[in-house]
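Feature annotations, courtesy of Swiss-Prot:
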type	residues	note
ACT_SITE	Lys128	active site
ACT_SITE	Asp146	active site
SITE	Lys207	site 'Important for guanine/8-oxoguanine distinction'
Amino acid sequence: MLRSLVQNPRVRARVLERVDEFRLNNLSNEEVWFRELTLCLLTANSSFISAYQALNCLGDKIYYANEEVIRSILKSCKYRFYNLKAKYIIMAREKVYGKLKEEITPLADSDQQLAREKLLNIKGIGMKEASHFLRNVGYFDLAIIDRHLIDFMRRIGAIGETNVKHLSKSRYISLESVLKSIALNLNISVGILDLFIWYKETNTIVK
């Protein structure tokens, strides 16, 4: 089932095009990296579409606007968690903007799990968000475990009932190892497998 999707020329071409975009992000500047981090902050507990729309509403204000302005923009865009996420964006900017790429690149180049651990120090970034960020800046060895991947693994019998909203770190790593085994069997990276599963579950490649 999944193997045929991975081997489908049309779907594979679309997925690999997205992968190339992530690889280009890896070569991009600090502004691009912080924008991707902001997207991941906004995606937590929200849909990707809602987060992406909110990010576009914010534009370059993520780099300089104060918390009140960011909160107001998020609210006007009908983004649900405008108070909390405005606070997180400001905290992240004060903590890592200007040195994000410099600090994460050497870590991720040598050990992506260590890079993920470093990102967990940013308020609002959990295992999924850190993995999502690293994938979006060109690192593909970590799984982005959301409800779509949980549903998929449950349907194929790889896991039992799992509450995606209350994943402990150890449970996340356990589920990630299941996905890595599936990816290894298909001869692709787990971060790329995610895109195929996302396509199968949503018929889109926007993640």
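Glycine is no exception: its Cβ is also placed from the backbone N, Cα and C atoms.
In the structure as shown, the Cβ atom of Lys128 (active site) sits within 10 Å of 20 other Cβ atoms. Under the three-state DSSP scheme, Asp146 (active site) falls in the coil class. All protein chains included, Asp146 (active site) registers 19 other Cβ atoms within 10 Å of its own Cβ.
Lys128 (active site) sits 7 Å from Asp146 (active site), taking the CA atoms of both as reference points.
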